[in-house]
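Report on one structure; see the data block that follows.
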Amino acid sequence: MTTATIQSVSGPVVKAERHGPLSVGEAVSVGPMRLLGEVVRVSAGHCTIQVYEETTGLRFGDAIEGSGLPLSVKLGPGLLGNIFDGLLRPLRDGGDAVHYRVKPLVEPGATVTAGQRIAEIEGLAKAQFALAPQNLSDAELIWIETGEVTESDPIARVKTDDGQEREIGLVQHWPVREPRPVRRRLAPNKMMVTGQRILDSLFPVARGGRAAIPGGFGTGKTVLQETLAKWCDADVIVYVGCGERGNEMAEVLHEFPELEDPRTGRPLMQRTVVIANTSNMPVAAREASIYTGVTVGEYFRDMGFNVTLMADSTSRWAEALREVSGRLGELPSESGYPAYLSSRLSEFYERAARVETLSGQKASLTLIGAVSPPAGDFSEPVTSHTKRYVRCFWGLDRGRAQARFYPAIHPLQSYSEDAANLAAWWTKRGNPNWRAWRERLLVLLEEQANLERMARIVGKDALPPGQQVKLLCADLVGNAFLRQSAFSEVDRYCSPERQMAMLGAIIQFFDMAEEAVAQGVSPDDIASAEFYRRMSRMSEEIGEGELEKFQDLLGQMEREMAALERSGADAV
Ligand SMILES: Nc1ncnc2c1ncn2[C@@H]1O[C@H](COP(=O)(O)OP(=O)(O)OP(=O)(O)O)[C@@H](O)[C@H]1O
């Protein structure tokens, strides 16, 4: 039934005369091509719609039909391993209908409730679960499939309280802008291990946490996100590419399917869903894509998985928001972005959480958004508003990137509010000193900035030995610990145990070096000792599975330091 007729079209924005009821947020089909749109404004006799597909060819007077439902996406077992557009329509031909093998987890006669895992879907690269619909209250299971089904077949039938029978399928439709319900939120006190030392040891993110990676052009956002996708200990990765340029997105689409999951040796795509939007795809679909991504993330979280979503980049998403807002004739706010930029960012980041699912599992959705501020200026609106909603801020620094110091995360421009909750996690993992060691490193790095400034003015040799040794310690932290190449066979992943051993060695070095300098040893002599050279290279020379070599290194340090102290004393 025609609910409205087109009066004007401007890019993705369609204004129409309304003949029937339409509500804001309702999905509509527009014109003879039945393009997908969403109502964004309703007034007496009129409505405004943003269209998610190319609007070329729409004409004055074309019909618009309301659906009565909010903009939703189809969630099902075919998501993992595939590539979709911003509205979750497959970008690759799915081929013939896939058959899934279903193994029931409940028996006829049992009571089934909303969100419950009722069957395991077997035969996929990664086992998944069929969930009871979210709007089902206690119902009796009458029948459940035990063989093979396609996405369109029912897998179970239930009898609800009012005696009605209802079929449950493999597929669910869910409105993208609405968070999926959970039983309760849990404290974010488990760390998401990334294998990147500067993150796990200095600026850790909790499972269910929110992090931003702001960085100017070429500072390493994409490499860092790819490294995280490969190495973080998530069960499922959702990658939302709001591509800057078509060819960059094409690279991602080409590269991602070829990446290997280093733990299993299988293609990384088997645990990944890619949602892609290039700048030449309709701008409104880009705006919707991050909500689509979060909805997919929540769907896998509800199955009981730990999910990590990466959005690259939220700046391009904000530009889409700005473009659509401009066409809607809204009053622009900072830098032309609409006044609701901030609330939209919060709607996105607020959906990160560690939860107990309706089915009773502990699961999480962690959100990591890259931001590409123009000219690397972190005070621009997208970065500054993002900062209000994330708990971890991993600021990439152009100077570090130019010096090829990777990852180019600047320790003085970054922070983690999750760190306070994660000391207990590190203690359980065998490092009760983590909090104290971390603080010591951060204080040292802060001091380093001041001392370097002073050294530039008066010359390094004019600094007192106590300050020179601090600079030596800070250099060691930079070269041996913070620097970590994503392309090094030995060092691209650093387990928490190896991080702990390295940090322990560094802290021991601090203590011994300070003591030695107090005894009259010159910092230059420490810097030229053989053990110091070995320490500076320990990240490359001591790999995973060789942790006993740290003992050997510490032994050498003790011997050489003692010798330096003795020769210092002899000289006196
Ligand atoms: N962790 C890393 N280890 C080693 N090299 C790195 C690392 N991060 C970045 N690089 C180097 O820096 C280059 C640029 O990185 P990348 O493409 O990720 O930057 P970007 O910020 O995504 O750029 P753009 O703004 O164009 O999207 C890479 O090709 C790589 O050579």
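Here the Cβ of each residue, glycine as well, is placed from N, Cα and C on the backbone.
For reference, TrEMBL has these:
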type	residues	note
DOMAIN	6-67	domain 'ATPase F1/V1/A1 complex alpha/beta subunit N-terminal'
DOMAIN	99-177	domain 'ATPsynthase alpha/beta subunit barrel-sandwich'
DOMAIN	195-416	domain 'ATPase F1/V1/A1 complex alpha/beta subunit nucleotide-binding'
BINDING	GLY215, GLY216, PHE217, GLY218, THR219, GLY220, LYS221, THR222	ATP binding site
DOMAIN	425-520	domain 'ATP synthase A/B type C-terminal'
Average the pLDDT scores across the domain 'ATPase F1/V1/A1 complex alpha/beta subunit nucleotide-binding' (195-416) and report the rounded value. 90
For the domain 'ATP synthase A/B type C-terminal' (425-520), give the DSSP counts of helix residues, strand residues and coil residues. 73 helix, 0 strand, 23 coil
Of the listed stretches 99-177, 195-416, 425-520, which one has the most C-beta pairs under 8 A with the domain 'ATPase F1/V1/A1 complex alpha/beta subunit N-terminal' (6-67)? 195-416
What is the set of residues, excluding GLY215, GLY216, PHE217, GLY218, THR219, GLY220, LYS221, THR222, whose C-beta falls within 8 angstroms of the centroid of the C-beta atoms at the ATP site? SER372, LEU396, ALA401, ALA408
